[in-house]
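Everything on this sheet refers to the single structure shown next.
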Amino acid sequence: MPATASVVPAAPTLGPQKPPAAAGWLPKVAFGLLLAFCLTPWASPPVALALGLVLAQTLGNPFPAFTKKYTARLLQFSVIGLGFGLNAHAAVQAGREGILFTVASIFGTLVLGYFAGRWLKLGRVVTHLISCGTAICGGSAIAAVGPVVGARDEEMSVALGTVFVLNAVALFAFPPIGHALALTQQQFGLWCAIAIHDTSSVVGAAAAYGSEALGVATTVKLARALWIIPVALGTAYFFKQQDVKVKLPWFILGFIGAMLLNTYVPATHAVGPWLVKLAHLGLVVTLFFIGAGLSFKTIRSVGPRPFALGVLLWLVISAASLYVIVAL
């Protein structure tokens, strides 16, 4: 079966997000006002995610189809825009330093997930989906690997719900932990790229920590996301699937192109800072959309054992990568 890879989070697909009691004009007005606030200088990525979560749990998301459709696109263009603020030489150095962590953490997570899933008596498909989501890039990896293993809708929903909840926790938890441990910008960016699932939360947490951390985290995370392709092909082999096609995420090429233009074409320096500012706004709005789609229904659908697997893998990869990064 064909599987299209991306490194953006798939929006929750677990039914209507708006409680019956909140029907009417109020949720729409609240959505519009909160969205407008996210375009102001006072809104940061964690604040935007928190506003979306509050809306989802109270009035509900009045535009679930809209947010689902544009979350991925907005993040893709925002990532490309961030490339205009990065230097190619520094990015190559960051990617080179992160490659060993990337390879070790991906395969370590997949192996640990296999045995932990058996210990928790979870199905093979759900175990592999959650493991891939934790190892590579969250919902995007799940969306790419799901068709390869023949995952049912409910299995996809459980895996996606698990990583969405943990993504939200990571966005709020990582910056305070980084400050408490006095991590450098380089260390924090590398830690985010390895230990946080989705690109959106990686970029959001790193942006809250500092511009240098943002550059490191974005570069390493996108390099990590390319592992969707070999992991999906390996999955097809172990699950006895044939005719699997996995496409390279197009916007990674856009990010690389923007970074090269910023490094080697001085004419882009006049517009580069403005494009970076627009990219930051796009990221803030993306996280608001993600929060608005994370309802109690999504959280409740996960179940204790799949969630336990997700938490276990996340804690192990977070603690192990942090230890290695600080030790080195």
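Glycine is treated like the rest: Cβ placed from N, Cα and C.
Now, the feature entries from TrEMBL:
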type: TRANSMEM; residues: 29-54; note: transmembrane segment
type: TRANSMEM; residues: 74-92; note: transmembrane segment
type: TRANSMEM; residues: 98-117; note: transmembrane segment
type: TRANSMEM; residues: 129-150; note: transmembrane segment
type: TRANSMEM; residues: 156-176; note: transmembrane segment
type: TRANSMEM; residues: 188-210; note: transmembrane segment
type: TRANSMEM; residues: 222-239; note: transmembrane segment
type: TRANSMEM; residues: 251-272; note: transmembrane segment
type: TRANSMEM; residues: 278-296; note: transmembrane segment
type: TRANSMEM; residues: 308-326; note: transmembrane segment
- Task: Report the listed stretch (74-92, 222-239, 278-296, 308-326) having the maximum count of Cβ pairs within less than 8 Å of the transmembrane segment (98-117).
- Result: 308-326
- Query: At an 8 Å Cβ cut-off, counting only pairs 6 or more apart in sequence, do the transmembrane segment (129-150) and the transmembrane segment (29-54) clear the bar of 3 or more pairs?
  - Reply: no
- Residues sitting near the transmembrane segment (74-92): Cβ under 8 Å, six or more positions beyond its termini, same chain? 6, 8-9, 199-200, 203, 211, 214-215, 218-219, 222, 250-251, 254-264, 268, 271-273, 275-276, 278-280, 282-283, 285-286, 289
